[in-house]
There are 2 protein chains.
Amino acid sequence: MADRNEILGAAQGAFNADPAASMAAVAEAAGISRATLHRHFDSREALLVELGTRSLDQWAGRLDEVDAEALAASGDAPAIRAALETLVLGYVDDADGFGFALTDHVILANADLEERTQVLADREAVLFAAAQRVGVLRPDLPPRWFGHAIYGLLVSGREAVRIGDVARRDVGRLVLSSLLTGIAQPQNQDSTP
Amino acid sequence: MADRNEILGAAQGAFNADPAASMAAVAEAAGISRATLHRHFDSREALLVELGTRSLDQWAGRLDEVDAEALAASGDAPAIRAALETLVLGYVDDADGFGFALTDHVILANADLEERTQVLADREAVLFAAAQRVGVLRPDLPPRWFGHAIYGLLVSGREAVRIGDVARRDVGRLVLSSLLTGIAQPQNQDSTP
């Protein structure tokens with residue numbers, strides 16, 4: 001008998017492999033009947049919303065781990081820089097499990113999840129604004145942009161791994177390095193071959 | 001009587017507003033009956049695949065406009081740098097119309113569209129590799145990564161505009177600047193306030 005956690009884990013795997021996976025496909029992946037699946041989750045939407053909630057729990061956990069609010073108040077530039085790196089690498093790890101949720105239209109359209117997303121984005125924005133004040137992040141970008149840039153590069157990383165263009169072990173470094181320093185060769189280096 | 005082009009335009013608007021829009025919602029947006037819509041498109045999938053095809057036509061058109069292959073062969077660093085900026089700003093403009101297609105699961109799962117996406121990604125990768133050789137793009141990143149990074153930041157830009165965090169007129173500059181130089185304050189500048 002699969003318990004709720006096992007079903008959610010199997011569903012997560014099924015949606016990562018095929019974001020359009022049906023309830024029948026999820027039941028098969030979990031090794032249970034459709035009737036059993038429906039006893040746990042009324043609908044595909046209910047299942048997706050619970051997975052979306054868990055992905056937000058994980059995001060909140062990452063912000064708790066670095067103690068985002070205390071760190072923002074500290075004004076400690078090296079600590080803020082290190083925490084941003086820790087956060088982004090943590091998000092890349094989480095996206096390996098919850099990647100489909102980044103772009104799932106049911107999850108993105110859910111009002112409760114969107115509200116909670118905004119609360120977490122606000123927590124992050126406080127840290128980003130502090131990072132700007134102490135010279136860790138560029139002062140010319142809007143503080144609300146940083147979270148979107150991170151989000152987009154998580155989608156990049158997940159897609160690059162899915163297509164097979166990038167190895168899973170390399171994706172954290174690629175995302176972090178592209179995010180922080182960009183993909184252009186710095187112009188102050190003489191790089192013409 | 002709406003023609004096929006008008007219906008596709010209305011459908012694009014409907015899917016951008018709500019990626020889960022039903023055929024009934026698309027028909028309503030186009031000001032036609034569901035029966036008329038179904039005469040043009042057998043299924044929601046057929047409609048999405050045609051919109052996906054058009055978004056790839058636009059992508060191909062951008063690569064043609066900068067003459068990507070000739071440019072890659074030229075080894076002309078300033079021209080390659082300028083073309084990369086033109087391409088990215090063009091993609092941001094296109095994503096304003098076709099943004100939903102970036103993450104639509106029906107479009108992403110379609111084998112024909114995926115095959116054509118790979119052909120276009122290959123054309124781009126030739127330009128990126130040339131840009132690395134002439135010192136425009138970082139030599140330490142895999143050439144196949146650049147396209148993914150651009151893709152992700154297009155998703156960032158679209159989401160930031162959708163949420164209302166960034167004005168439409170600013171998004172091209174934000175995407176391009178974050179892509180090329182990153183979001184971190186360069187460490188060789190004294191930026192501590």
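Each Cβ is built from the backbone N, Cα and C atoms, and glycine gets one as well.
Caution: TrEMBL annotation is automatic and unverified by curators.
Feature annotation (TrEMBL): of A:22-41, A:82-101, the stretch labelled DNA-binding region is A:22-41. Assigned with DSSP, the residues of the DNA-binding region (A:22-41) fall into helix, strand and coil as follows: 15 helix, 0 strand, 5 coil.
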